[in-house]
């Protein structure tokens, strides 16, 4: 298998949590409930508003992926379950949980509407996915797909595919196969339709046992397990077997359980105090810190059964379902809180290291010595002691525990079983050997007959022995036959990769594939959108920044303007004052001018007079002169 | 005009009995779609009783008829809260043998039952109203043996009610008042008080003193139990634990317990005390758990398989709590006694032991809180005594612990067998191994210490190899790491031993062989641990998860060191080992260079590795040179 696929292991193994919010249903719309939940698929956030108390700020939660009311079943599958199923097909264990209050669409998410391909849920889609994968696999890969279906109700485990529905099963654990349910029925499935049928049988049984189906299903956990084993020829030419398990878990409704029925209203405020002294144990164990202590009875059947899914060696996805309406506020918040906590489920099994300060210190000293020796250029022998030749030989006392582990690790797989049967048959009673044995028996009988003198008793004994051996031989032959039969029935169950077993599943797989591609496209678009959004936001920020700076500037300008304005006004008033003053001056000047003019007039008159008189006098004089002359 | 002997009164009593029956017994079988049918019926009856009660005595010409408002009653209480300590009730109000007092008590009782009824049917506000009315009626009365029981009961109910509404402070107020009323009543009066049910039954049906005490004490036990939860809610864990302790103690004294359940609870509580370092309390709880679990009887025969399994499981659980006690005690002791290089400081040990003994003897037994009813007290004390002796006497400490280990472990493992309970079984083994590790610290004899580690290996090695990695990867990693460390430890001890024995001489062949065996076993398990981190194709991960980061780096470092420790006289083998060592040191250095955040996780190891990366090539070159000349 190409190596790149396995880099997944390096991805954090934390539980992946997604949240899905269903749309308001007809009844809720009719009643006029408000949508209290806002889903932002791009940012991966869910915001819940509380309308009753307006002053309370809305609560926001962030998850790996969130799905709004408009989300499509196929998208949910491709974004959440597909990677898990892919790793199961590679031999990992995977678990998908659906969690949430009753009536928030858990079952729709897990199962959906079977008849409509687009509305099928995670379970039918994973069937199609698995068999699609098988159909595409190389010809020499062999698969065995088995399913089992069980229910946990009141800490009792019931086999939903079993013949006796009254039987209660035990949860057990074995070093080689981990946690298992004793006597749990499992069926081999050859195609997606088989699986569908098996699931339907289980569903029927689930409702048969209960008086009140709704009530029952909301209080019981159902686990549908698909085990996929496959073998393929490795580079070394040997068959390599891998096994992956997929648990599909429909958890009981998360609503706090009061005694609720048609008459009593739903108990909104569950009692915070345990009333009965019989729960004293719970109170006490809540006080105890789990580290380095033992708390009896902490594990429920469910956690035990899924112990390697939660914080263990498994890929786990949890889908929390919530309702959008405001009257679900409390439950929605508690579901989201739970989901938030689930994000942080981590492996509790840590390596407890022995603190070795002394060792480190000693080592420091050793390094010091080494350095000194090297500096001094002294002869260094590789060994501190003077060991003799044979000492460095590997030690046979050590044993090879690793070998045993690998042997045990071998996954149970039919082809492998078949191989084992084969070898068993060979080992036990290979045909050659049988002939040989027969010959030997014959020989011994002859020898026996030859020894006629042998005592009767002894002979009888020997004969008995011989007969027994003969019987053994027959038994072995029978066994051989039986094993061969078993082998052939098992081989029938094995599905060889590439065989066209799709029929209907093919369509679904195609649908899935298509939608996956489409999804890819959309994801790219969403990514682009997100980027654009970010850019826009950045731009907006920039503009805002600019705007603020402009505003500041404007403010500054306004201030300046005001200042200038006042200055202007002052100047103006000064101007008008000056104008007034000037007008006065002008008037004064004017009057001055008038008087001046008058004066000038007067003066010019006077001058004229004087001139005239002078002229006159001259004239007179002239006249006189003239007279004189004349 | 009815008197208490009249037929009318008898009818009231009959109604009351009927209501009780409906509410307590028949309600359990109400159908799912009408879950409160009987409760509603009971409510009707109670309401009728209330009406007739009022008529009765109003007709009797009481001066305090139904006009409550006109009464010169004690100060009005706040409507929905409780004053922190309201003990006025002991000195003020009507005395209960007065007519008015009796009437008020009866009315209060009916209100109480109505309140509880409403709470049961999830109508909290109505319930609250009735309960507060009950408080109001009681407010007029003085506390006495006739009504003290009701005083406590109503406060318990109000405590529950407010806790349900997330108003835990209010809840605390009511419950704490109930507590102080009880204490004061027991101090000042102490006679077995009348139960509320007795208000409504004829003279001949009155309860005996014993029954009265039982009912009254049970109510108070509940008060304590609720308080434990309230304190827990406020995060006052120590107080909560002490109230749990008191609850258990009272259950035992009043003989109101199921032995196995009680024993498990006590054992669980011990786990709280040991994490707080209160070993005396923890030990006491455990001793009590052991004794009381014995009261559950002998393990039944195969016939009752379920019961037999359960009993076995519970006893195993208690045994596991004991293991944790021993383990924590030893670890804490180790921490105290460790000198700066992680060896036992014997002077310190003596000193602490003396101090501890004084403490145990002088103060320990004064402790007020001791479990025990008359018949169990002695046996609890004797179980404890054995433990104390075991721990106090030097040397005997190990003897005791190893002896008890041999008792406890099979007990713990009896139920949790490998087949069927793999995880639990391994946990027990891991604890067992951890106990040996802690014990080894106290052991002065190196040879014996080595044997202790050998036992750890013997315990863990087989399961480690049996487990399927696909399901037990994490447990296997833990086991591999522990095995590697244990072998490493043994190797160090062997070396110390060898050096001590023949200081001047070189090591003999046998020792070297042994040493190399331990060394390579340790390296092998470290390597297995490292391999478990790889992908199925055997690719080393480029990035180590946070929870394996340090272990992985440490394992690399240790593998490197172990390789350079291997003793060999053949130069090519030496060269090979040195190269392997260098490779691993380099890995540590390179990983930390590529992931700078990793350096903090293994600071010292990184520093040392860097030095070695500098020094080892020199050493290797020398070796090569020498090999060349020898050839």
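Note: Cβ is positioned from N, Cα and C throughout, glycine not excepted.
Sequence annotations record features per position, and here TrEMBL assigns ATP binding site to A:100, A:101, A:102, A:103, A:104, A:105, A:106, A:107. The feature coiled coil is assigned by TrEMBL to A:434-553. Look at TrEMBL and you will find A:376-400 tagged as compositional bias 'Acidic residues'. Annotated domain 'Kinesin motor' per TrEMBL: A:14-345, in sequence order.
This view paints the features noted in TrEMBL onto the structure.
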residue: A:103; record: ATP binding site; contacts (Cβ under 8 Å, 6+ apart): A:253, A:323
residue: A:104; record: ATP binding site; contacts (Cβ under 8 Å, 6+ apart): A:22, A:321, A:322, A:323, A:328, A:335
residue: A:105; record: ATP binding site; contacts (Cβ under 8 Å, 6+ apart): A:20, A:22, A:321, A:323
residue: A:106; record: ATP binding site; contacts (Cβ under 8 Å, 6+ apart): A:98, A:99, A:100, A:250, A:251, A:253, A:321
residue: A:107; record: ATP binding site; contacts (Cβ under 8 Å, 6+ apart): A:98, A:121, A:250
Check: same-chain CB within 8 A of ATP site center, minus A:100, A:101, A:102, A:103, A:104, A:105, A:106, A:107
A:22, A:253, A:321, A:323
For residue A:100 (ATP binding site), what is the secondary structure by DSSP, using just helix, strand and coil?
strand
Quick one: mean pLDDT on the domain 'Kinesin motor' (A:14-345)?
80
Rank the binding-site residues A:100, A:101 by the number of other Cβ atoms within 10 Å of each Cβ, and give the residue at the low end.
A:101
Cβ packing number for residue A:102 (ATP binding site), 10 Å threshold:
18
